[in-house]
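Have a look at the structure below before the remarks.
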Amino acid sequence: MPKALSTRIVGGIWWFFTLIIISSYTANLAAFLTVERMDSPIDSADDLAKQTKIEYGAVRDGSTMTFFKKSKISTYEKMWAFMSSRKNTALLKNNREGIQRVLTTDYALLMESTSIEYISQRNCNLTQIGGLIDSKGYGVGTPIGSPYRDKVTIAILQLQEEGKLHMMKEKWWRGNGCPEEDSKEASALGVENIGGIFIVLAAGLVLSVFVAIGEFLYKARRNTDIEECISFSAVMEELGILLRCHKPVKKKPKAKGLPSMLLCHPKRVLRKGTLG
């Protein structure tokens with residue numbers, strides 16, 4: 001433990017600064033782990049197929065139901081077996097009924113990704129889980145031999161190459177919908193969060209500097225033989241001694257039986273006088 005008051009102040013401020021930094025990191029880590037535990041347990045179609053607590057289904061006789069019915073993938077076959085065993089509750093009339101089921105009960109609706117994106121942007125209580133189960137393309141139907149078929153095809157390809165189809169989808173699908181989902185990464189603590197502790201650290205360092213100067217002047221006052229004021233030369237001499245002394249000075253052995261005493265003899269000025 002340092003003996004000087006200035007070094008004690010520096011040590012105390014530094015330990016206080018370290019304590020606040022560690023506490024802030026611990027609190028931020030605890031909040032991040034809490035959010036991790038609150039995430040949905042269903043992240044993909046495989047997770048949905050492995051459980052039976054959350055019921056799932058699709059629109060009856062729709063393209064999604066047909067895909068699961070004809071699929072030869074084991075996971076999708078298992079999901080279709082589950083849906084077909086509960087036709088009265090798992091298979092619905094339309095998307096509107098399915099959305100209402102999702103909002104009010106433990107139910108997951110399987111439908112086209114384009115429709116999911118449109119609906120979830122207008123109802124912030126709905127979200128899309130997992131990636132695409134299947135990939136399909138859309139087209140514009142025309143009569144056989146129609147002269148407009150090639151023109152429509154060329155126009156659509158041109159809009160796609162210029163990026164206008166993507167721009168129109170962003171405009172009409174997203175619009176002023178729900179904000180983007182928050183990132184799962186831990187948020188960093190900014191200067192506005194821990195800036196105050198740096199101010200306390202700087203103030204403590206400044207205070208310790210002033211205390212050190214006061215201690216130095218007090219010691220210089222004690223070591224000078226002038227009581228009225230402290231001369232600049234005495235202060236500089238004391239500073240030079242402190243800078244030169246890196247090792248402790250060995251004390252001379254004291255003579256036995258004789259007390260040691262340090263005396264300061266002020267200089268005297270001799271004047272001429274008359275002898276009595």
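Here the Cβ of each residue, glycine as well, is placed from N, Cα and C on the backbone.
Per TrEMBL, the feature domain 'Ionotropic glutamate receptor C-terminal' maps to 7-175.
The transmembrane segment annotation in TrEMBL covers 12-33 (among others).
The Cβ of ILE42 (site 'Crucial to convey clamshell closure to channel opening') has LEU48, GLN51, ILE54, ALA108, ILE129, GLY130 as same-chain neighbours under 8 Å, each 6 or more residues away in sequence. As annotated by TrEMBL, site 'Crucial to convey clamshell closure to channel opening' applies to ILE42.
Taken residue by residue with DSSP, GLU112 (L-glutamate binding site) is part of neither helix nor strand, so it is coil. Sequence-distant neighbours of GLU112 (L-glutamate binding site) (same chain, six or more apart, CB under 8 Å from its CB) are SER63, THR64, LYS136, listed in sequence order. The L-glutamate binding site annotation in TrEMBL covers SER63, THR64, GLU112.
According to TrEMBL, the feature site 'Interaction with the cone snail toxin Con-ikot-ikot' maps to LYS69. Its own atom aside, the Cβ of LYS69 (site 'Interaction with the cone snail toxin Con-ikot-ikot') has 14 Cβ atoms within 10 angstroms in the protein chains shown.
Residues annotated as disulfide bond in TrEMBL: CYS124-CYS178. Secondary structure at CYS124 (disulfide bond), taken from DSSP and collapsed to helix, strand or coil, is coil. Of all the Cβ atoms in the protein chains shown, 10 others lie within 10 Å of the Cβ of CYS124 (disulfide bond).
Feature annotation from TrEMBL assigns transmembrane segment to 194-218 (among others).
Binding residues for L-glutamate (SER63, THR64, GLU112) extend across at most 8 Å, taking the greatest CA-CA distance. Each of ALA58, VAL59, GLY62, MET65, THR66, PHE67, LEU110, MET111, SER115, LYS136 belongs to the same chain as SER63, THR64, GLU112, is absent from that list, and has a C-beta within 8 angstroms of the C-beta centroid marking the L-glutamate site. A gap of 31 Å separates the Cα atoms of CYS124 (disulfide bond) and LYS69 (site 'Interaction with the cone snail toxin Con-ikot-ikot'). Across the residues of the domain 'Ionotropic glutamate receptor C-terminal' (7-175), the predicted structure has a mean pLDDT of 85.
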